[in-house]
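**Student:** Take this structure, written in structure tokens, and hold onto it; I'll ask about it next.
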Amino acid sequence: MVGVSNWAAPSTATPVHATVTVPGSKSQTNRALVLAALAAREGSSRISGALRSRDTDLMIGALETLGLSVAASDSDPADLTVSGTLAPAAEARVDCGLAGTVLRFVPPIAALSAQTVTFDGDEQARSRPIAPLLDGLRTLGVDIDGDGLPFAVRGTGTVAGGTVEIDASGSSQFVSGLLLSGAAFTDGLTIVHTGDSVPSAPHIAMTVSMLRDAGVEVDDSAPDRWRVSPGPIGARDWVIEPDLSNSVPFLAAAVVSGGAVRITGWPTVSIQPADTILKILAGLNGEVRKGSSYLEVQGATNYGGIDVDLRDVGELAPSVAAMAALADPGSVSRLRGIAHLRGHETDRLAALSTEINGIGGQCEETEDGLVITAREMHGGTWSSYADHRMATAGAIIGLRVPGIEVEDIGTTAKTLPDFPQLWADMLGGQTDDLQQGPSARETPGR
């Protein structure tokens, strides 16, 4: 890739001991931005602790293209105020980049405008699934030109709403994208999922929870069916949690090195899949300690393979695959329920298999996942495929395999700005007695 140099992943032969603070949740930030935009007719909304990354800045840019104002505080760029009116200029164009949330959450908003809005993005984004969402909007009476990027939404100022059947087995974002705008449709919205099980279901639960927080009535009592009643979306203050999925590479450093890493600001109760993350880490012999405002993982001196269904948390698959590849030699791990990752930023299953095998590991694709047999690996180039989670997986492996060079580490800016510096700080700020402190013993548990 022109202009992109490889990043020498730092290695350590000793346990990692560190305290890390990760920025806000991308998923929660972009949902809050969308809900604040839809609530602008009711008043201004404030978002505190917002993630500022490529994906969230693309969302901000998209909403500004649609006529909204998203203003950052002079003192804190993570403190945002959303106001204004949905009034895109003629021939407005939204850049989706490689952000699935922009690609799938913003077209329904554009349909509520009175202009034609064109959507495009990075070259890799053109292969990401979008047809189920566009077909769903067409069922609701929206005029759309195209079946993939670039496409144009011809807004008329209103969307009638009603019932739509879609196959969301390729991405939960098809459901979330429609749900977020559904209350603004004249008759509200009923979504019926018709395909295989929906992946990343906790993300739909996050959408429903945030809609309810904004005063929207949502009925999700029946499996694979969601009903959003028509009505105002309330302007309010949103407080964004730390991004727990982005904490996993740092917690993985504790697992693979036998050290202890503490994440500050870990929520006591979360709308993210916190419990699933902790179960995975415990399954890799990590000891989990929770306090009132942190989470700490203590790695063991050794750990074996794991058999885990990642359907609900597919975004964790690259990190889990990296930990599996570094397990005790001969250990076998099975990562299941992640066939949908073939349609993410890249085909993550093929990418993980290629990269792990390329440095001497053993990784085989299955119909819905990966089988990884831990073997001694060697240094080499780890390609990121412009995928932030592939890049962080390479960093995890590099901790224990000297000579790993990650191609295009800058792609981590998609959701985790300054990742290389955060990673270096983690390794540079060793704290050997984390587990001995009084706060670390507040609420021990697994």
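Cβ atoms here come from the backbone N, Cα and C positions, even for glycine.
What Swiss-Prot records for this protein is below:
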type	residues	note
BINDING	Lys26, Gly100, Arg128, Gln173, Arg348, Arg389, Lys414	phosphoenolpyruvate binding site
BINDING	Lys26, Ser27, Arg31, Ser171, Ser172, Gln173, Ser200, Glu315, His344	3-phosphoshikimate binding site
ACT_SITE	Glu315	active site, proton acceptor
**Student:** Cα-Cα, whole number of Å: Gly100 (phosphoenolpyruvate binding site) versus Ser172 (3-phosphoshikimate binding site)?
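**Tutor:** It is 11 Å, counting Cα to Cα.
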**Student:** Can you tell which of the binding-site residues Arg128, Gln173, Arg348, Arg389, Lys414 lies nearest to Arg31 (3-phosphoshikimate binding site) in space, using Cα positions?
**Tutor:** Gln173
**Student:** Show me the subset of Lys26, Gln173, Glu315, Arg348 whose Cα is within 10 Å of Ser200 (3-phosphoshikimate binding site); these are the recorded positions I mean.
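**Tutor:** So the list is Gln173, Glu315.
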**Student:** When you look at Lys26, Gly100, Arg128, Gln173, Arg348, Arg389, Lys414, which the record names as binding phosphoenolpyruvate, what is the longest CA to CA distance in angstrom?
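**Tutor:** Binding-site diameter by Cα atoms for phosphoenolpyruvate: 20 Å.
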**Student:** I need the most crowded of these binding-site residues: Lys26, Arg128. Count other C-beta atoms within 10 angstroms of each C-beta and give me the top one.
**Tutor:** Lys26
**Student:** Measuring Cα to Cα, how many Å separate Arg389 (phosphoenolpyruvate binding site) from the residue listed as 'active site, proton acceptor'?
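**Tutor:** About 7 Å separate the Cα atoms of these two residues.
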**Student:** For Arg31 (3-phosphoshikimate binding site), list the number of other Cβ atoms lying within 10 Å of its Cβ atom.
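**Tutor:** Looking across every protein chain shown, the total is 27.
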**Student:** How far is it from Arg348 (phosphoenolpyruvate binding site) to Ser172 (3-phosphoshikimate binding site), counting Cα to Cα, in Å?
**Tutor:** 17
**Student:** Which whole-number value in Å describes the distance between the Cα atoms of Lys414 (phosphoenolpyruvate binding site) and Ser172 (3-phosphoshikimate binding site)?
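**Tutor:** The separation of the Cα atoms works out to 19 Å.
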